[in-house]
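Listed in TrEMBL:
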type	residues	note
TRANSMEM	12-33	transmembrane segment
TRANSMEM	90-110	transmembrane segment
TRANSMEM	117-136	transmembrane segment
TRANSMEM	156-180	transmembrane segment
TRANSMEM	192-214	transmembrane segment
TRANSMEM	220-240	transmembrane segment
TRANSMEM	296-315	transmembrane segment
TRANSMEM	321-352	transmembrane segment
TRANSMEM	364-385	transmembrane segment
TRANSMEM	397-418	transmembrane segment
Amino acid sequence: MHNRDHAPLMKKSTWAFAAIIAFFATWFVQYRWQVDDFASLWLAGKMVAEGIDPIHIYDYDPQDFSSLGAGPWTDLAPSIADIAPHPHPYVHIPAVAWFFSLLASIGISAQAAALGLTYLSCLGCAVIAASAYYLWRGHTAPIQAVLPGMVLLLISFPLQFSLWIGQTTPLIVAAVAYALAMAQHQPIRAGLSLGIVAAIKLTPLVLIVLLLFFPSRRRAAFVAGSAASAVVILSFIAFGPEVFSAWIQRISTIGDQVQVGGANLSLYSQHLGEKVDDSLVVSSLDGSEVPTGLKVLNYGLAFGAAALAGIAALLNERRRFAVLAAVGYVCTVSFSSIVWAHYFCVAALLIAGAFAIKGPLRELAWALGAVAVAMYLPPLAGTLGTEGPTFGGENTMYITTIALLFVVPLLVIGEAFVQAPGKHRRA
């Protein structure tokens, strides 16, 4: 038995089996992908590698969020048309373009880079499963939990959609989940993991603040803050103030808008769906078009879930960090104006919480967890055919995720009440 304070995330044998599963999953995906999101990373890196003015990496269509800007983008797009017929614009921090420029500079092909991203994303499913298990249970995830969890993630609609379109979401979620699970026992690795992805995706920044409230995880928070700052500084130094300002402006513009389209399942996007221009894939509408009542509902749900998690943390000391971390992260993702369908793989952190409940509520928690899993699988969540994704009926994944944000804290509260006094263990 591993010492609890130094237990690894997974055993080496589990890593080996996960690596094999990821290989076969990648082999299968490459025959049906259309990596238009990956194309934005690759083409931005290609521009930098070829000496094109990097200010152009933030060119975009002001009406259609999914359409390329003119100039260098349209010139380079045909070079990867075989794997990405409809490349999307670039929105990440400049450092990401710098990283992909290194890959392009050493002669790696776009297809090889896409295969690498796909393989790491598939392997990331094992990390998500193991990290979610570790977060709620505090010890090494056994192979009989990791591999089924990995497979369920791989066949879930959020992952199928993410792999099909060449998204980095599985890697981002894996990095965040690992950081949350290991912040206490591997603070440097966890902090680096969280800091890097926080600089790329921004929403995980709130988790750095959460870590500061837990003394045993505070070191990871400092490392994460330092890592995020380093990525930002690298971007500024490598590209200069003009490009850096262009990134800030692009992020600000996106924050002021609502991207309305089939893949954005946010509450705002769903409501504004009737205003979409059918000729556009993803319409960029001004945020002022969102009714005040809908904003109140969105923020009210977020506040309600966070408050309930806070109550659960007070009543169940053993689950304190896990419930705050899982609910906090999923809230930042689910109540944004952009909630792409592939984002819902974050629900694994909540579902793992349901499966971790002990005592008289265990059977109920497992039943609810099993139902939740089904809601993220085809065909209930959606299907991925030869012509692209088809999303499930009444936005199954969104509704299920919101339900989990309330159900899991309630289960944590219930677990605290049915346990004898003095049995709670510190998170």
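Along the chain as shown, residues are numbered 1 onward.
Backbone N, Cα and C define each Cβ position, glycine as well.
What you see is a predicted model, and the numbers here were worked out from it, not measured in a lab.
Among the recorded stretches 90-110, 117-136, 192-214, 364-385, 397-418, the one sharing the largest number of Cβ pairs closer than 8 Å with the transmembrane segment (156-180) is 117-136. Only pairs six or more apart in sequence are counted, and the transmembrane segment (90-110) with the transmembrane segment (192-214) gives three or more Cβ pairs under 8 Å, enough to call it a contact. Fewer than three CB pairs closer than 8 A are found between the transmembrane segment (296-315) and the transmembrane segment (117-136), and contact between the two stretches is not assigned (pairs 6 or more residues apart). At the 8 Å Cβ threshold, with sequence separation of at least 6, the transmembrane segment (220-240) comes into contact with the transmembrane segment (192-214) through 3 or more pairs.
Long-range contacts of the transmembrane segment (321-352) within the same chain, counting only residues at least 6 positions beyond its ends with a Cβ under 8 Å from a Cβ of the stretch, are 128-129, 132-133, 135-136, 149, 153, 156-159, 161-162, 165, 167, 169-170, 173, 176-177, 180, 203-204, 206-207, 210, 214, 217, 254-255, 257-259, 263-269, 287, 290, 298-299, 301-302, 305-306, 308-310, 312-313, 369, 372-373, 376, 381-382, 389, 391, 397-398, 400-402, 404-405, 408-409, 412, 427.
Residues of the same chain lying 6 or more positions beyond the ends of the transmembrane segment (192-214) and with a Cβ under 8 Å from any Cβ of it are 92-93, 95-96, 168, 171-172, 175-176, 178-180, 183-184, 220-221, 223-232, 251, 321, 324-325, 328-329, 332-333, 336, 427.
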